[in-house]
Amino acid sequence: MYIPDAVLPYTRRISWCAFLATLIIASYWFIINNGSLGWYYHIDADVYYEGGKAFLLGKPLYTQRFSVNGFSLPFTYPPLAAMLFAPMAITNTVVSAMALTAVSIILLWWVAVQMLRATGTDSPKLLALWLMPILLLFEPVRQTLSFGQINIMLMALVIADTIAPRPSWARPFQGALIGLAAAIKLTPAVFVLFFLFRCQWKACVATIVSFLFYTTIAAVIRWEDSYLYWTSTISDPNRIGGLIYSGNQSLRGMLVRLIGADTAQSVWLPLAALIGLIIALAMWRMRTHAPELVVLNSLVALLCSPVSWSHHWVWLVPLTIVAASYCWWWAAIVGFISLASTHWLLSPARNAATAWHSWQHIVGNSYVLLSFLVLAVAIVWPPVRSHTRLSTSQVHRI
């Protein structure tokens, strides 16, 4: 039954307003108390700050570690990233971290708008605002904001190049933003597969040319750092952290926790290749559906990288929106796992996962297992969205 706005009971309107207000207050309180938006030490943002400062001062990026809040941490990104982080050093760590947080939140809303629009949702801007209190509670989003990471920014660059509408003058440059993202952090390079599966050859070329262009700029300015990064630093396993930590939600991380590091080392590459083929099959089936394709493409980096920290899984936001365009239950499953962050319910201490019971491996590898479910559905389910689309008008239905 549909009730027009003019006769919608005031009690029901008040109920919805109270519900939204509760979500906003609860999410704000939760995030403040968990450090995402409060006066919290954003440790990764400070590493970016120190990297940008070293770039400005002409100091080496990769032969020294940076002291941040009592920790000695390396700068792990390509030289171009340090160049782009340089403006942060003009201010101070607090201002730069606050700016990074604000931009990330705005871009999260923008990504939600683009995904809602691409899946045929009515009033995507308004609905994205309604969803923001919930999206801010997603564990990868909370972690990204708490650490001061740039995952949402990189995701926005990819969405801008693949999903968002673009003016006619920008169409010849499609792929350039993914190339820029890859020059900042190498993993977004996998999204060239999006263009390959859609036979967008010019965009593939633009991605590669853009990556080489920005990387060359950094090399011209800082040749020694660039040479060191691309010849040795990029392959240094000591710079990426422990594989066994429950926060490492990658295929390799799950294998290390399940069967031990030595055995995992021997079976990881064959299994990663198999998973890659399964993802390729799913992407081929969804090649004419851009929102589904870009979400599946993200699983290449998330599953097949040696380390995928939980904050890298901000792609659960687009996945939830795509799932909602097919079935509310699917969106509920993805949303629940994104909110619950069950892998943190177990001890994150080094080697603690070696003593996990079977049920703990299910709980502790939630993102990896969810992605397996997504791949299974993408392969067997017809790529036809539900006629019951997510929309703001649904709040007027009883």
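Glycine too: its Cβ is placed from the backbone N, Cα and C atoms.
Feature annotation from TrEMBL assigns transmembrane segment to 14-32 (among others).
A Cβ distance under 8 Å defines the sequence-distant neighbours of the transmembrane segment (93-111), meaning residues of its chain 6+ beyond its ends; these are 36-37, 42, 45-46, 48-49, 128-129, 132, 135-136, 141, 144-145, 148, 150, 152-153, 155-156, 159, 314, 317-318. Summarising the annotation, TrEMBL assigns transmembrane segment to 93-111 (among others).
Summarising the annotation, TrEMBL assigns transmembrane segment to 123-138 (among others).
Summarising the annotation, TrEMBL assigns transmembrane segment to 176-197 (among others). Using a Cβ-Cβ cut-off under 8 Å and counting only residues 6 or more beyond its ends in the same chain, the transmembrane segment (176-197) has close neighbours at 77-78, 80-81, 84, 150, 154, 157-158, 160-162, 203-204, 206-215, 218, 234, 280, 283-284, 287, 290, 293-294, 297-298, 300-301, 305, 312.
Sequence annotations record features per position, and here TrEMBL assigns transmembrane segment to 204-223 (among others).
Look at TrEMBL and you will find 267-286 (among others) tagged as transmembrane segment.
Beyond its flanks by at least six residues, the transmembrane segment (293-316) meets 108, 138-141, 143-144, 147, 149, 151-152, 155, 158-159, 162-163, 187-188, 190-191, 193-194, 197-198, 237, 240-241, 243, 247-253, 268, 272, 275-276, 279, 282-283, 286-287, 322, 334, 337-338, 341, 343-344, 367-368, 371, 374-375, 378 of its own chain at Cβ-Cβ distances under 8 Å. TrEMBL lists 293-316 (among others) with the feature transmembrane segment.
The transmembrane segment annotation in TrEMBL covers 328-346 (among others).
Residues of the same chain lying 6 or more positions beyond the ends of the transmembrane segment (367-384) and with a Cβ under 8 Å from any Cβ of it are 249-251, 253-254, 275, 278-279, 281-282, 285-286, 288-289, 292, 295-296, 299, 302-303, 308, 310, 313, 316, 319, 326, 330, 333-334, 337, 343. Feature annotation from TrEMBL assigns transmembrane segment to 367-384 (among others).
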Long-range Cβ contacts under 8 Å made by the transmembrane segment (204-223), restricted to residues 6 or more beyond its ends, are 55, 61, 78-80, 82-83, 172-180, 182-183, 189, 191-192, 195-196
